[in-house]
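TrEMBL has this to say about the protein:
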SITE      Arg18  site 'Transition state stabilizer'
ACT_SITE  Tyr23  active site, proton acceptor
BINDING   Asn74, His80, Asp87, Leu101, Ser102, Arg111  substrate binding site
ACT_SITE  His100  active site, proton donor
Amino acid sequence: MKKILILNGPNLNLLGMRQPEVYGSTTLAEIEDQCRAHAKQLGVEVECKQSNHEGELIDWIHETRQSRTAIVLNAGAYTHTSIAIMDAIASVERPVIELHLSNIHQREEFRHTSYISKVAKGMICGLGAHGYTLAMDAALRILEEED
Ligand code: DQA
């Protein structure tokens, strides 16, 4: 069965409490509930995971190798620093939709660089929590095109 892996990186476990003026007041648990409800509507399997550790995110990306999984990835600040996560995505050859709650291009200069964008199929940013279900729609379309 087609599967969408929703991966959230560092500090995103604090959503709802962390800088709500930037990231909104929706918690990660609420976002994950929305993703599970949306997956039911789409008829696709979904798994939601969050880690503050780069290596753990990389291990989970590796697990998608040779599967029918697409990844929705909010890598948090690793977006702007992690060549290792970029390489992991390139290694597994699975489609990734990069996601950010905030519009990273309207923010500090250091957030304008994304290593994830270099290997992602596409990117959604600036639409808050709604971006996750939009990214799932895009991910499913890509999985369908693979068949
Ligand atoms: C973020 C943007 C990043 O620059 C930041 O480090 C985050 C969250 C977002 O969702 O807007 O942790 O990925």
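From the backbone N, Cα and C atoms, a Cβ is placed for every residue, glycine too.
TrEMBL does not curate its annotations; it predicts them automatically.
The number of other Cβ atoms within 10 Å of the Cβ belonging to Tyr23 (active site, proton acceptor), over all protein chains shown, comes to 19. Taking Arg18, Asp87, Leu101 as the candidate recorded positions, the subset whose CB lies under 6 angstroms from any atom of ligand 1 consists of Leu101. Here the Cβ of the residue listed as 'active site, proton donor' has 24 other Cβ atoms within 10 Å, regardless of which shown protein chain they belong to.
When the recorded positions Arg18, Arg111 are scored by other C-beta atoms within 10 Å, Arg111 scores highest. Every protein chain considered, the tally of other Cβ atoms within 10 Å of the Cβ of Asn74 (substrate binding site) stands at 27.
Secondary structure at Leu101 (substrate binding site), taken from DSSP and collapsed to helix, strand or coil, is coil. Note: the CA-CA distance between Asp87 (substrate binding site) and Arg18 (site 'Transition state stabilizer') rounds to 29 Å. Maximum C-alpha to C-alpha distance over the listed substrate-binding residues Asn74, His80, Asp87, Leu101, Ser102, Arg111 is 24 Å.
For Ser102 (substrate binding site), the Cβ neighbour count at a 10 Å cut-off comes to 18, with all displayed protein chains included.
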